[in-house]
C-alpha cells in the first residue's frame, strides 16, 4: 500500500442526518461546505489544481462570502504556487489565510497574500521566507537560460512579498538571501500576517 493510499485511509469521515437519511463526507469535503480550504503538504501541480478548483467553486457558490485557507506547508513548485496566488487575487471573495504548523517558501508567500487584515498565524506556527531554489544539468547555454529564469522568478516573488508586507524591495531581497525563519509574532511584525490568534473569537463560532 502506498503512502498516499495510507494517508487517504486515515482521513476521518463525518456522518450527517438529512431529510433523506444519513450522508457521509470525508472531513475535508465537509469543511469545504463551510468555505474552509486546507493547503497541507508540498505545493505541486496536483495540489494547485485542487486548490484552484475549490476557490473557483466557492466563488461560484457565493461571490460575496469570505473563503479561508488553512496553510501547513513546506513550500514547493513556484509555478504551482503562483497558480494559487493568481486565483486568490482573481476571485471576488476575500481569501483569509491562517498558518497552522508552518508556512515556508511558497507557503509563506500564499500566507502573506491573503486579504488585508485577514491573515493569521497560530502562536506556535513558523514562517520561513527565502529565494527560489533551482538546479539544472545540461549544456552551458541551457544552464544560463535557467539561471536567468530563476533570477526573473526571484525578482517577481520579491515584488509580491513587498506588496503584501509593506517592506521595501531592498529589505525583501536582503532578508530572502538565505532561509529566514520567523515566529508568529515576528511574522506579524514583518507584515506577513496581521494577527496572531491565541483563541478563536466566540462570535466567529456559528452553529451548524
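Note that Cβ sites are derived from N, Cα and C of the backbone, with glycine treated the same way.
Taken residue by residue with DSSP, residue 105 (active site, nucleophile) is part of neither helix nor strand, so it is coil. For residue 105 (active site, nucleophile), other Cβ atoms within 10 Å of its Cβ number 26. Annotation comment: Swiss-Prot describes 105 as active site, nucleophile.
Per Swiss-Prot, the feature active site maps to 130. The Cβ of residue 130 (active site) has 18 other Cβ atoms within 10 Å, all protein chains considered. DSSP assigns residue 130 (active site) to coil, not to a helix or a strand.
Each residue contributes its Cα atom, and for residue 105 (active site, nucleophile) and residue 130 (active site) these two points are 6 Å apart.
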